Amino acid sequence: MWTGIMNESPGQGEEELERAIEEAEAEILVVGCGGAGGNTVSRILEAGVEGAENVAVNTDAQDLLHTSANRKVLIGREVTGGLGAGNDPKLGKKAAVESKNSLKELLQGKDMVFVTCGLGGGTGTGASPVIADIASGFGALTVGVVTLPLEVEGRRRSENAKGGLRELRKTVDASVIIPDDNILKIAPDLPIGEAFRAADEILMSTIKGVTELITEPGLINLDFADVRTVLQDGGISQVGMGESDDEDRALEAAEEALENPLLETEVSGAEEALVNVTGPLDMSLDEAEIIADRVSVEVGPGVNIVWGARVSEELKNSVRVMVLIPGASSPYDRGLDIERKEAKQKLEKKIKIIEK
């Protein structure tokens, strides 16, 4: 596990330095829970996110078989028979509890764990809080990246999602929430199937954006400690994304990210912001600074802007911006922060007892 400490000694050779760098690298794991989570993990593999392992966790053996992942874990064979949780979060939770030892083996030693799923069904909704709780218990920075169901999917899925979000929020440091209905605000003519794929893309892009701030070298580098400072106790986080290849591409990409319909509320209440800037080989440091300055103006004075910038050969002329704002006011807060802090205090007491 990463400690943030590197011993110094005179005359270190390149091999020793490379070994030290390898030992200091943060271990990052993406856990895709349920069908939607498995789709996100598959997209991550397609996109080639560097520096993070991924695993698909499901109660549905057939769905798991067709998921692309570094590792696949079928949970709850006794309670579900490998047939899925049938939109029952209680069954999804039982499945995760049954397979707790396997999940502990999977999560132990990780520095950062993303738990991603589509809330509203059975497995993702019921199992993701159990997985996040185990990861947090091991001391990992734990981030939930989830979607909420479309209104047309019905009241049951909506109620399931609300209950699942409440439980997940008690166990993660930060949670990024993407309501599928907001995707239709961006592209109202999208068929429902395309909207679901767009949601998978947004979840993937969020995880990729945060991970590559830590793992990829760039014009402005961040490390795991920087990201942990922003996201630890971050609560509900808002995400916005923008891209532009116009003459004023840096400013336009920043404004598109800040005006993105995924950002549901005003961001002026935030205390910190995490910004990832990616551009083509000709992107200048000045352009990256324009983006950071624009975000700073939007969120207000005194806010800690933690940002990184890198170039990518994949982008020919475009500048791409991801803005992640933890702690901003959200319609999903409503008392959840108090419950989450109480749950975290109980967890810390348990850890202290174990350490004694």
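Start at 1 and count along the chain as shown; that gives each residue its number.
Using N, Cα and C of the backbone, Cβ positions are placed for all residues, glycine too.
Annotations in TrEMBL come from automatic prediction, not curation.
According to TrEMBL, the protein has these features:
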BINDING   GLY35, ALA36, GLY37, GLY38, ASN39, GLY122, THR123, GLY124, GLU153, ARG157, ASP200  GTP binding site
DOMAIN    27-218  domain 'Tubulin/FtsZ GTPase'
DOMAIN    220-337  domain 'Tubulin/FtsZ 2-layer sandwich'
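Location within the structure of each feature annotated in TrEMBL.
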| residue | record | DSSP (3 states) |
| --- | --- | --- |
| GLY35 | GTP binding site | helix |
| THR123 | GTP binding site | helix |
| GLU153 | GTP binding site | helix |
| ASP200 | GTP binding site | helix |
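Most Cβ neighbours within 10 Å among the binding-site residues ASN39, THR123: this distinction goes to THR123. Once the Cα atoms of GLY35, ALA36, GLY37, GLY38, ASN39, GLY122, THR123, GLY124, GLU153, ARG157, ASP200, the listed binders of GTP, are compared pairwise, the greatest separation found is 20 Å. GLY35 (GTP binding site) is surrounded by 21 other CB atoms, counting those within 10 A of its CB over all protein chains shown.
The Cβ neighbour count for GLU153 (GTP binding site), using a 10 Å radius over every protein chain in view, is 17. Other Cβ atoms within 10 Å of the Cβ of ASP200 (GTP binding site), summed over all protein chains shown, number 24. Proximity of GLY37 (GTP binding site) to non-local residues of its own chain (separation of 6 or more, Cβ distance below 8 Å) is seen for VAL31, ALA56, VAL57, ASN58, VAL115, THR116, CYS117, GLY118, GLY124, SER128, given in sequence order.
When the domain 'Tubulin/FtsZ 2-layer sandwich' (220-337) is classified with DSSP, helix, strand and coil residues number 35 helix, 35 strand, 48 coil. Within the model, the domain 'Tubulin/FtsZ 2-layer sandwich' (220-337) shows a mean pLDDT value of 88, rounded to a whole number.
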